[in-house]
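See below for the structure under consideration.
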Amino acid sequence: MSSKKRTKRNRAGDEYKEHKGRSHPRRKFLPPEEPDVSRISKVAGVNQLEELCDSFDQPLHSTAVDACGEEHSENESSGYVPAPQRTNAERSEKMLLETPEGDVHEFSQSGSVREPLMENLNAPNTTRSEVKKKRPSKKSSSDSSVNSPSSVQLWCPNKLKRSSRDITELDVVLAEFEKIAANYRQSIESKACRKAVSAFCSAFEDQVTDLITEVQELKNTKKKNAKVVADIKKKRQRLMQVREKLSRTEPQLIKLQKEYAEVEERRSSLRQVVQFLTDLKELQQDYLDYREENPRKKVVYGASSLPALLVESRRILQAERHFQNINRKLEYALEVQRGKLAKEH
């Protein structure tokens, strides 16, 4: 059983590689010994569906091939595709794209438009030309749906704050991947395939969301770094200006400090003089009060009174000198007057 399963999986992988190498769905060319394409319309509907399903690519998904490779190989070896499986394959290969104007276009996953089965069998050439004509409409509609702000969902975690300006390619990829994965998951009937697809989708979404978070954190860090650099630059310029101003005002500061020291010294000396004068005035008032109370007592001068005696002696000496000067002037005036009188007589 294991060898049969391995051969079936290898056969399914080879067929998947052959279908993956094709960029657009082609028509099969039959060998000369097989019947012509024009005879296909006469065959039963089951054989027509088999030929049509073989002409389209398999879904390009690794999990779908690995998990469902056994079923694909069994169906291909038997040469018959059941109806539910055909409808699911057709449903998985279709994708709806809605433009901002409200038009809805239906495309297959391989990039071609699904035409009705009978038209595909009866007129294959016309179908191919219609596919080529309708292909630009898919690009324009997909571009408009991606570029339109309403079609892109912004993934915003709880820790980070994001705005419409922070939309990146990863957000677009994540939104489109979720849509495609949801459509593809609905088209699968097997539970194992659904689990595999869900696991792959969750892992891919986790990786993309981690990348989005890291990119947003990097942007925020760059913004903060730019702000810090700008603040440092401003503060550095301010520091240079302050240094220049300090160098210019330093001589003035030294001069003002000297003047302040002189003013403080004068102020302190003035305080001392005022205090000394107030004390001397109080002492003199006390002495006068004492002399009024005791007028008969002699004044006794002690060692502490020497400064006062010196001041008093200086005052007395000055008065004596003043009187001597007056006496000399009077004597000189008398002598002059006597000389004049003598000359007259």
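Quick reminder: no glycine exception, Cβ is built from N, Cα and C everywhere.
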Of the residue ranges 204-221, 222-239, 240-257, the one that Swiss-Prot records as motif 'Nuclear localization signal': 222-239
Model confidence over the motif 'Nuclear localization signal' (222-239) (mean pLDDT, whole number): 95
